[in-house]
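Asks: Structure below; questions to follow.
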């Protein structure tokens with residue numbers, strides 16, 4: 001079994017899945033979060049702001065009165081703003097031969113403008129934030145679907161090599177997570193200790209004495225299913241109708257067969273994600289909707305190939321053709337295009353946390369640099385020392401292992417790696433971090449909440465950050481550093497000198 005098959009199975013079978021998180025911002029300088037691409041716990045009350053934690057990762061909540069999945073005008077307007085800005089920046093950067101990714105440029109530009117606007121005219125930045133927040137929430141809600149192309153193309157990913165190489169990759173995940181979390185956590189702890197700011201970990205509340213009256217039972221309503229039944233039925237009907245038209249046109253070699261297949265596979269990808277998100281929580285705790293959607297997309301590809309008499313690989317290649325031309329664009333290309341505006345929405349999440357970032361700026365910046373520089377170059381040297389993989393492209397796919405999925409894909413594309421391998425490694429890193437991260441912090445005697453949060457955010461991906469929710473003082477810093485690490489690592493990888501250095505490191509020892 002080669003690595004691509006093993007990684008897909010490993011992503012589907014563990015006790016939970018993890019990898020990328022973004023946030024539904026609340027402009028109260030406190031964190032109201034939602035896991036984006038991977039499992040979040042059932043709806044509950046956050047100890048940070050006494051507000052419900054919405055399961056945006058699984059699509060939000062449903063309503064019997066109306067289909068809440070239908071976007072409102074202000075949501076569409078905000079989403080359109082990020083999309084148009086992404087297109088404009090992309091053209092501007094290309095025209096001026098700027099290597100910096102436009103989607104990250106959108107993030108930096110919007111955040112900077114919001115901050116400066118609020119400094120120049122107090123309240124104006126908050127007003128602009130309020131206008132952009134609905135669109136950010138809409139893009140955030142559907143962001144997981146945009147990661148499907150990365151995993152769906154795994155069957156066409158290059159093979160890494162022998163089972164020994166697979167074990168080397170798994171060791172990289174374990175060692176890399178431990179190194180990044182520990183180095184970041186200890187650095188922050190040392191800085192805060194020098195400043196005299198270290199706060200002891202809060203003591204656990206003592207157990208009540210024997211004979212004390214038990215607390216009153218708390219009756220919780222059963223969590224509603226993510227996405228509405230109307231949304232699921234619409235997507236099902238659309239997939240069936242467009243699928244029949246697409247396959248018929250492909251059999252007759254109709255000149256617009258490719259665009260029709262794109263529409264069919266787009267509806268099919270979204271349908272399978274919504275289907276996976278609406279499955280019982282006992283199942284989604286084991287198999288995340290992202291994995292369900294990937295498997296469903298590949299099944300639809302097999303069905304299309306069987307009906308049209310094409311090969312599976314030929315049909316899958318049309319899913320991500322690498323083109324935005326109307327006659328050749330694939331469903332995967334369209335979803336990856338929408339990923340740009342969604343990444344731009346990180347600016348809204350960062351702005352909502354500007355106060356806590358400013359109050360702890362030195363340690364936050366230090367943690368960001370440690371995790372991004374250490375993650376990129378530490379991984380590159382580890383890959384070289386262990387001689388993982390048989391090609392430079394495969395090795396470059398492993399470098400973004402501690403970067404949240406959205407920007408890990410961007411980094412991998414800039415470096416020339418394979419995004420399917422990169423996405424799988426990110427998923428496995430998140431799983432490992434959520435499972436053992438907090439226990440490792442305890443074992444390392446890192447008890448200061450700020451150090452714990454920044455350490456986990458540096459290495460743990462979305463689910464690792466979500467695992468910090470019970471630690472109300474550490475959790476905001478975990479969320480902040482996850483975003484900043486991804487942004488900084490992407491910015492570094494876009495610098496030609498840094499890119500060349502990373503390529504030279506990982507390519508060492510390879511046979512020509």
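Positions of Cβ are set from backbone N, Cα and C atoms, glycine also.
In case it's useful when we look at the structure, here is the feature table from TrEMBL:
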- 1-18: signal peptide (SIGNAL)
- 98-117: transmembrane segment (TRANSMEM)
- 169-189: transmembrane segment (TRANSMEM)
- 256-275: transmembrane segment (TRANSMEM)
- 334-351: transmembrane segment (TRANSMEM)
- 363-383: transmembrane segment (TRANSMEM)
- 403-436: transmembrane segment (TRANSMEM)
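Mind mapping these onto the model and telling me what they sit next to?
Replies: Below 8 angstroms of C-beta separation, residues 82, 85-86, 89-90, 92, 124-125, 128-129, 132, 339-341, 343-348, 350-351, 354, 407, 410, 414, 487, 490-491, 494-496 of the same chain, each at least six residues beyond the ends of the transmembrane segment (98-117), sit close to that stretch.
Tertiary neighbourhood of the transmembrane segment (169-189): same-chain residues 3, 7, 160, 198, 363, 366-367, 370-371, 374-375, 378-379, 382-383, 386, 388, 398, 401-402, 425, 428-429, 432-433, 437, 440-441, 444, 446, 448, 450-452, 454-456, 458-460, 481, selected by CB-CB distance under 8 Å and a gap of 6+ residues from either end.
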Asks: I'm a bit unsure how to read this: which one of 256-275, 363-383, 403-436 has the highest number of Cβ pairs shorter than 8 Å with the transmembrane segment (334-351)?
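Replies: So the stretch in question is 403-436.
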Asks: By a Cβ-Cβ criterion of under 8 Å, what residues six or more beyond either terminus of the transmembrane segment (256-275) are in contact with it?
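Replies: Non-local partners: 59, 142, 144-145, 148, 152, 226-227, 231-232, 235-236, 238-239, 242-243, 245-247, 249-250, 289-290, 292-293, 295-297, 300-301, 304, 315, 318-319, 326-332, 334-335.
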